[in-house]
Amino acid sequence: MKRLNFINNQPLAVKLTAACLTTSIISLIIAMIALNIYDKNTYKSLLRDEVSLLASVISNRSVESVLFNDKQSALNNLNPLSYRSSIIGACIYRVNTPPQPATSTLASYPNDKIFCPSTQPKAIKIIEPSHGRFIDFIHPIKADKEIIGYLYVKTSLSELSTRTQQSFKVFLVIIIVASFIALWLSKIISFKLISPLRDLGLTARKVAQVDDYSLRAKKINDDEIGGVVDSFNHMLNVIEHEHDRLRESEEKFRLISASSKVGIFQLNPQGECTFANEEMSYITGLPITQILKESWLSVVEPEDRAALKAQFNTMMSTHIPININCSINGIEKKWISGHVGVLRGNSDEILGYLGSINDVTEIRQAQTQLEHMAFYDTLTGLANRRLFRNRLEHVLNNLSRSKHSLGLILLDLDHFKEINDSMGHDAGDRLLTIISERLQQCVRSSDTVARLGGDEFAIILPIVHDSIVISTIAEKIIEAIHRPIQLQENEFRISASLGIAMAPDDSSQAEELIKQADMALYKAKDTGRNNYQFFTDDINQKLVTHLDLVRDLRLAISNEEFHLVFQPQLCLNSYKLTGFEALIRWTCPKRGFVPPDQFINTAEDTGLIIPIGRLVISKACEQLKSLIQEQLVADNVVMTVNISAKQFQDESLISHIKDELQRNNIPAHQFEIELTESILMENIDEVIIKLKQIQQLGILISIDDFGTGYSSLGYLKQLPVNIIKVDRSFVSDIPESKDDMEITAAVIAMAHKLNYLVVAEGVETQEQLNFLRSCKCNYGQGYLFSKPLASQDLLAFCKNYSATSISQQYS
């Protein structure tokens, strides 16, 4: 057992060397033994063959000697045996005839008969005694196939023994030399084999000594040891990654602890403080040494200290984290907030507690300010929407116990957005501040003025006797707001629209009362702005009608209830067909046919004109594509689509038109957008930029209802416009109205001077056509030529249209 432990405790290199040497020696010994046995057997076999052959020769030569009993001749036949050192004796026996003995010795070698057996041979055989020192050969001597005698030859194996001894010496030398060679080779091999393991061990010891997990063992071979090296290096990678993470985490904790504005402390499982950072000292006003020696809870206000200690005791008994909220009285009184968590080991054992505290004094102070901001507008200092709603509900709840009424005024500044956009937000904020001050001057101390957002204000009048009091205040507000205002060294006047609702006459519910005041405000805006309106049932009915129309419009969009009709446009000179104006029509399942003037404005106000306008563009392009494919129109015929103000402001308008033209394979010069003067005069600079983008695509641009607005010719010259359309209101009274004729002629002449083409709308009589032709108006459309046509009717119109026949008809 001790020997086994001794071997097991030897270095691996010694074990490998010993194993290789032992294996080599044993292998050599076995090889030598096998070789000796093989040599011995080979020697004996050769000896047998050689002596048998020699015996056969001598037997043949001794036939006559035996027949004639010639001893000398027989002896001479045995003499050649002397050349074989292994033959130590030989005898020739003669078979006698009775009564003589059966056999007699005729000759022997050497001359004495010492080697001749006393028992005469009677058979042919080779005798090899068990001790293996000699081999006897007996060979018959025959004459005419009759045995007349025997030859006995005795051989010695002493030469084999000598040879074996010599071989053993040689083998011994070989074994010794081979052992040294094997020892040398085994050391080299073991060194080669152990080298990777030695490097692996050295790397492992170095990693352990210097704590450097970036070291790696060198992989020498791609064998099992190489696999161990790979596994070891992978293990180092994992350890290094975890070590780096731990070190990074510790470094982060150190940096966070050192630079954090949060006080950090650590407790051992017994609740004793073992660590505190500088911020902990700063917040509590205690030195770190004192915090570690004593509990920092000593600076907690007495009214909070007992409860906080109870929290810590509960945490250490239940191991459940706690939150800290208390005041401390160190150098100065502070409010702190914090958290203490439980530190656990891998086996879930309690390692201690880690806590943090934060000075929330400023937060507590800011909280008061935030509470104020939660109920008051930061810009004007007025009550905000939340406080307004609370006060309104409070006053309404108390209203049932009094005999007074409540007045609610909702106020919206007229055209505030234009001032804000043109002069900037700072000027807009200044304007709102001034308006807020004026509103407060117009009401009583018991009233509430609130800013609901943007330029929307609300006023609660909690104690009023009748509507006359409210009207007086409303007029006072309108007058105050309309007084001149100085902004950026410029004097401005602004107006306001007011909507008024009263409780309990109109409603005693806050939500309902606000809605009613909002309806009245909408009515004030609808009646020209700069006025006030009281809520009435008529206003309510109009709002219900409006909401009902909006709902039906949404359904019409989703149910695809809209369709287009197309009114042809003709060249008034050649009467060739030059284009079509796409006009939208709505057939509602509930309302029936709805004229455009009854829903377009509502669609514009609600933004529904955007999807409706996209539908018009798509269907108009599809119709023109159909006419082109049927080869019913020329390649210069133009499809005109009306674009509303809200559509024109849509950022996706240009891309949508471009996509539809590409989808329907329509050239841009065969598409025209038609805009009103009012659109073009709003934000003229932005309008020009967008129109130029559209014109760069090759799309035509026309101004609709020209002459009905207030457009400036100076602005008109800047606009990238192709066509001017004369409004039907000027054409319809020709020739009865001389003024309209002069205006129309002037518009056509001016447009031609500006290189614009002119389209006259509403051409219904031959007299109107003749007048327009005399003014050299380019194009015309109206019932004289064709009413607006549905898609199928338009196809028929184009198929049957003939400029020649039209020319003959109206010339």
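Residue 1 is the first one shown; counting continues down the chain.
Every residue, even glycine, has its Cβ placed from backbone N, Cα and C.
In TrEMBL this protein carries:
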{"type": "TRANSMEM", "residues": "12-38", "note": "transmembrane segment"}
{"type": "TRANSMEM", "residues": "170-189", "note": "transmembrane segment"}
{"type": "DOMAIN", "residues": "191-244", "note": "domain 'HAMP'"}
{"type": "DOMAIN", "residues": "249-319", "note": "domain 'PAS'"}
{"type": "DOMAIN", "residues": "318-372", "note": "domain 'PAC'"}
{"type": "DOMAIN", "residues": "404-537", "note": "domain 'GGDEF'"}
{"type": "DOMAIN", "residues": "546-802", "note": "domain 'EAL'"}
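Within the chain, the transmembrane segment (12-38) has long-range Cβ neighbours (under 8 A, six or more residues past its boundaries) at 164, 167-168, 171, 174-175, 178-179, 182-183, 185-187, 189-191, 193-194, 197. Tertiary proximity for the transmembrane segment (170-189) is limited to same-chain residues at least six positions away from its ends with a CB under 8 Å from its CB atoms, namely 13, 16-17, 19-21, 24-25, 28-29, 32, 35-36. The domain 'HAMP' (191-244): residue composition by secondary structure is 41 helix, 0 strand, 13 coil, according to DSSP. When pLDDT values are averaged over the domain 'GGDEF' (404-537), the model yields 88.
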